[in-house]
There are 2 protein chains.
Amino acid sequence: MSEGLNEFGRIARFFAPLAEREAGALGLTDDAALIECEAGRQIVVTTDALVAGGHFLPDDPPDMVARKALRVNISDLAAMGAVPFGYTLVTALPRDLRGEPGDAWLERFAAGLKLDQEEFGLSLLGGDTISTPGPLLISVTAFGKVPTGKAVTRAGARPGDLVFLSGSLGDGALGLRVLQGTLKGLSRPHAEALADRYRLPRPRVTLGPKLIGLASAMMDVSDGLVGDLAHIAEVSGVGAEIRVQNLPLSPAVFAAIEHDKRIVESVLTGGDDYELLFTAPSARRGAVLALAETAGVPVTEIGRIHARGGVQVLDLAGEPMTLGAAGYLHF
Amino acid sequence: MSEGLNEFGRIARFFAPLAEREAGALGLTDDAALIECEAGRQIVVTTDALVAGGHFLPDDPPDMVARKALRVNISDLAAMGAVPFGYTLVTALPRDLRGEPGDAWLERFAAGLKLDQEEFGLSLLGGDTISTPGPLLISVTAFGKVPTGKAVTRAGARPGDLVFLSGSLGDGALGLRVLQGTLKGLSRPHAEALADRYRLPRPRVTLGPKLIGLASAMMDVSDGLVGDLAHIAEVSGVGAEIRVQNLPLSPAVFAAIEHDKRIVESVLTGGDDYELLFTAPSARRGAVLALAETAGVPVTEIGRIHARGGVQVLDLAGEPMTLGAAGYLHF
């Protein structure tokens, strides 16, 4: 049995082809990569790492792991209104991915990166591949561009603004429970739809940049709606109120809640949705909804910003709910 | 016993102060950071990850781990001729760094980052902190600026060029052996000097940017002189010859070789020196040496570029040496 490729062989075979279109990547043969500046644009940079057993399941297909690692970062760029163009990649490979099994794994991993590079219009710029005695870990730093001074941050929400959410809520968190085998009673198509949403986030790249000038604050929902909205509220120095009855739910999540009402809490505080959560002045409601239609992305008004009061969730009767956890905490 | 800080508490306490001076970091409260573009400048980006037991020792002091993680990246920027300005940071913390022990560790880790931010003039821009069931892993993506089109790559070495090396060779690799207890017979000051060089690289930030326009190719020596020079030769499409008698050795490395002649091989192929290895036309020899004097960094002429022939190392008698390994391979 062959020993497989060494580090440089792996770079040449699996990663260099992903950097071909970007001259600044220097064919991945150099110490660093070059990013061109453009008049009137700022570079937006974000970094997110994923570890097996924490952010994906150890037996998840390598192409899906690659795409998830890219997409959670692309989602952060979209949430600033930025258009992605490149990324650097750190792969820490465990012992069982040395030699030929590792080469086979990397081939599928690189195929996943290639798919999403094409879908989202970005290129590999550089990276580092190391060995670890621990589990597989993937760290991506992604780059986008935004018109100077126009990035949408979390800090701009004002009292009276409306709170909007793209797509639907809870699919990612319930998808994880499906894959862990702790969510029963769903039809197979529903279970599969949820698992797919957990494995493969859909960053809202068409919507995010279009919200520049309309959204007063924005972020992506990665740690859970309530906790994430609390971040916007805190950074903006305001409070917020959302109504459970207004939350956009997919048929699968709706069915899961029908089966067990307590699941609504997972929907409110679970992570991994990667939808855009944003605020906009109430006078711009029509513009927001028209834009969503143009972008082909469902957008739902789910609440309102107040001058103070933290984040309140109102139940079907309009009463404040008490939640066990204000979002997923990593520690 | 208290549980210690949660993720957001840790960001606020340990990391946000490191981002204070850089408006584009947005106080680390947002999805991403903003990098300003500057007319006539390109952004240079590099990423390197370090794992406990691989790139540093598990019981290395946290401030030294932090500084090494920054410095290996800063060294890559210097090797392109870039001036560093910022970085993003991923910390994957093992189980024993949860709770209060983790807070205490992070406090010392952040103190190390702060020291080197001040020494090298860069700021934290963003990051991600995750938990891992594996060992501590630190991944840094560092950013610098370079005049557009002027970055020094590995691709420009031409036949007849001279090969230069900054500082001294072999200290990093022998320092690791000192710390592992596999290098005996050294005086205590020598052993400590070597260990210190392994733990704390000295990226050549004053020299690197000054070599723009002089050096035809450049990289930093992180994987071993012979293997790294082979990269320059391969990417430039040339061969190279270096002479052992010309290699710059510190008193500690010289003493180690005196004690055991076989150590010369570790010096030639060992990693972790983070010196600048560069080529320049022979007509520029005087300019290179004058510049080194101005920059206060020793620079030694160690060899010459040929039209072909791989990398040859000539021993004291001028005969080609055969080396066991052409540099440190990660796999």
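The backbone N, Cα and C atoms fix where each Cβ goes, and this holds for glycine too.
Just so you know, TrEMBL annotations never went through curation; they're auto-generated.
TrEMBL names B:D31, B:D76 as Mg(2+) 3 ligands; from the candidate set B:D196, B:D220, B:D223, the record adds B:D220 to that same site. A 10 Å radius around the C-alpha of B:D76 (Mg(2+) 4 binding site) takes in these binding-site residues out of B:D48, B:G127, B:D128, in sequence order: B:D48.
Distance noted between the C-alpha atoms of B:D272 (substrate binding site) and B:S222 (ATP binding site) is 5 Å. The two recorded residues, B:H55 (substrate binding site) and B:D48 (Mg(2+) 1 binding site), show a Cα separation of 11 Å. B:H55 (substrate binding site) falls outside any helix or strand according to DSSP and counts as coil. The binding residues for ATP are recorded as B:G127, B:D128, B:R154, B:S222; their greatest pairwise CA distance is 31 Å. Around the Cβ of B:R154 (ATP binding site), a 10 Å sphere holds 26 further Cβ atoms from the protein chains shown. Counting only the Cα atoms, the space from B:T46 (Mg(2+) 4 binding site) to B:R154 (ATP binding site) is about 15 angstrom.
Nearest Cα neighbour of B:D220 (Mg(2+) 3 binding site) among the listed binding-site residues (B:T47, B:D48, B:D128, B:R154): B:R154. Distance from the CA of B:G127 (ATP binding site) to the CA of B:D31 (Mg(2+) 4 binding site) is 10 Å.
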